[in-house]
Amino acid sequence: MVETGHHHQHPPAPAAAGPPPVSSMATSTGTTWTPAEQLHHLQYCIHSNPSWHETVVLAFQHYIVMLGTTVLIANTLVTPMGGDAEDKARVIQTILFMSGINTLLQTLIGTRLPTVMGVSFAYVLPVLSIIRDYNDGQFQTEKQRFRHTMRTVQGSLIISSFVNIIIGYGQAWGNLIRIFSPIIVVPVVTLTSLGLFVRGFPLLANCVEIGLPMLILLIVTQQYLRHHLKRIQAILERYALLVCLALIWAFAAILTVSGAYNNVSVATKQSCRTDRSFLMSAAPWISIPYPFNGDSDIQSESCFGMIGAAIVASAESTGVFFAASRLAGATAPPAHVVSRSVGLQGVGVLLEGIFGSITGNTASVENVGLLGLTRIGSRRVVQISTGFMIFFAIFGKFGAFFASIPLPIFAAYCILLGIVAAVGISFIQFTDNNSMRNMYVIGVSLFLSLSIAQYFISNTTRAGYGPVRTAGGWFNDILNTIFASAPFVAIILATVLDNTLEARHAINERGILWWKPFQHRNGDNRNEEFYSFPLRVGEYIPTRFL
């Protein structure tokens with residue numbers, strides 16, 4: 001792929017067989033577009049970097065974007081565990097610290113794509129199951145219940161991490177990726193973004209007066225005003241999200257001070273007011289997360305749900321990696337690269353269990369959407385953003401200030417997730433768009449995966465009871481966790497359908513000839529450029545783990 005920033009161009013790949021003759025109807029209606037590996041209008045790709053002052057601001061923007069899911073998952077789990085505002089602040093600090101470490105590792109020795117490693121919603125159901133086990137009044141105080149629950153969560157994370165490590169570094173996940181085609185990637189990437197919204201963000205509608213203006217302002221500023229305000233065009237194009245967030249945050253503060261939320265429900269106050277998070281008063285000035293800050297409690301039944309979540313998080317990360325490769329101007333990640341990244345993701349989950357996080361990690365789909373919004377896919381920007389994550393995790397008061405942003409402001413995720421969904425759909429250009437077989441595989445995979453996941457999510461209670469309710473709690477946790485993930489269901493359905501429905505006779509239709517070179521270590525000469533380790537690190541790692 002050709003980088004549109006300040007980089008050299010690579011020689012074009014050998015041309016495939018020419019397309020069939022264009023019908024007279026097509027020529028009479030205007031220009032037709034041929035498939036293109038490179039997205040148009042990317043300003044900086046994976047190797048090209050903005051100036052340092054632009055890089056720092058863009059990195060801070062990535063930090064702000066990943067805060068939304070971090071705070072949301074802390075709000076969802078800490079209070080039911082028996083924690084208070086101080087516990088919530090500590091959990092957020094630990095998540096930020098580990099996200100910084102895991103993101104840095106992934107960009108150095110993982111996929112090397114510009115992806116932020118944030119919290120995963122796949123772990124919510126297993127954690128709720130653990131909370132339910134400790135919710136029978138066996139503790140004298142809520143603080144004791146919170147500590148015991150956290151120890152069990154940490155122990156379960158440590159055990160589940162080895163699933164990722166084994167399937168990743170053992171190349172089992174890579175062997176699965178090798179039978180992928182662009183037909184499979186379309187529903188997986190698309191549902192990775194849609195699945196996140198279904199899981200956690202309907203609550204953004206609690207404050208329409210905040211969320212809707214944020215959406216409208218971001219669209220108008222980033223897509224319309226920049227064409228009329230030439231002097232600040234670059235600012236509006238790259239930093240529109242920060243500008244709009246500051247304006248809407250100030251608007252929310254005005255609504256809070258003016259008493260607009262005095263006579264609303266408690267849930268609405270906590271979502272919309274700017275003074276109800278209590279994180280600023282609870283967070284310490286300086287706190288460095290450290291390993292083994294409490295004894296981990298390993299319970300076999302609690303581990304099974306976490307193991308299911310670990311597999312689901314691997315599927316979701318896989319979809320995000322393919323989307324990030326397009327938005328960063330890189331080739332599709334080879335199978336061995338995706339596999340080693342899943343293994344490294346397991347190492348990250350192991351570290352999170354040791355340091356006391358509340359969930360495992362996955363590639364952040366909203367941050368990948370930010371690559372598309374700003375049209376800057378630079379790896380360095382994401383690496384610098386890890387500095388903000390670690391800094392604000394250690395200096396708690398400063399981090400708590402930004403973590404106090406009302407969650408409805410993150411309605412901007414609708415745009416970011418939409419960009420990722422569109423990137424997923426763009427993979428269809430490398431297949432036969434007029435093939436009824438391809439339409440069947442993509443359509444059935446999309447609709448059934450979204451429907452199955454929505455059924456499981458809709459029929460899951462706040463206490464974590466899913467639709468599968470047998471006598472075996474561990475069995476329930478695995479199935480309820482796996483089938484609540486649309487991307488994982490899509491991998492199963494699309495892989496089975498695409499590899500069984502006239503697979504051998506439809507190699508050209510499926511886009512295999514274009515896809516296959518990218519899935520092997522030496523299949524395309526650009527793979528080494530985008531995905532090789534820095535500073536000759538690969539020379540010291542066994543080939544089977546690369």
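Glycine is treated like the rest: Cβ placed from N, Cα and C.
Straight from TrEMBL, the features:
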type     : residues : note
COMPBIAS : 11-22    : compositional bias 'Pro residues'
REGION   : 1-30     : region 'Disordered'
TRANSMEM : 60-79    : transmembrane segment
TRANSMEM : 115-134  : transmembrane segment
TRANSMEM : 155-173  : transmembrane segment
TRANSMEM : 179-198  : transmembrane segment
TRANSMEM : 203-220  : transmembrane segment
TRANSMEM : 240-261  : transmembrane segment
TRANSMEM : 381-403  : transmembrane segment
TRANSMEM : 409-428  : transmembrane segment
TRANSMEM : 440-458  : transmembrane segment
TRANSMEM : 478-497  : transmembrane segment
Would you mind listing the long-range same-chain contacts of the transmembrane segment (409-428), meaning Cβ under 8 Å and 6+ residues beyond its ends? 39, 65, 68, 72, 182-183, 185-194, 196-197, 201, 204, 210-212, 214-215, 218-219, 241, 244-245, 248-249, 252, 319-320, 322-323, 326-327, 365-370, 372-373, 438, 442
Under 8 Å for C-beta pairs, could you tell me which stretch among 60-79, 179-198, 478-497 has the largest tally with the transmembrane segment (240-261)? 60-79
Tell me whether the transmembrane segment (60-79) sits in contact with the transmembrane segment (381-403), defined here as at least 3 Cβ pairs under 8 Å among residues 6 or more apart in sequence. yes
What same-chain residues lie close to the transmembrane segment (440-458): Cβ under 8 Å, and 6 or more beyond its ends? 183-184, 186-187, 190-191, 194-195, 198-199, 428, 466-467, 480, 483-487, 489-490, 493-494, 497-498, 501
Residue numbers, six or more beyond the limits of the transmembrane segment (478-497), whose CB comes under 8 Å of its CB atoms: 122, 125-126, 176, 179-180, 183-184, 186-188, 191-192, 194-195, 198-199, 304-305, 307-309, 311-312, 315-316, 318-319, 440-442, 444-446, 448-450, 452-454, 456-457, 460, 466-468
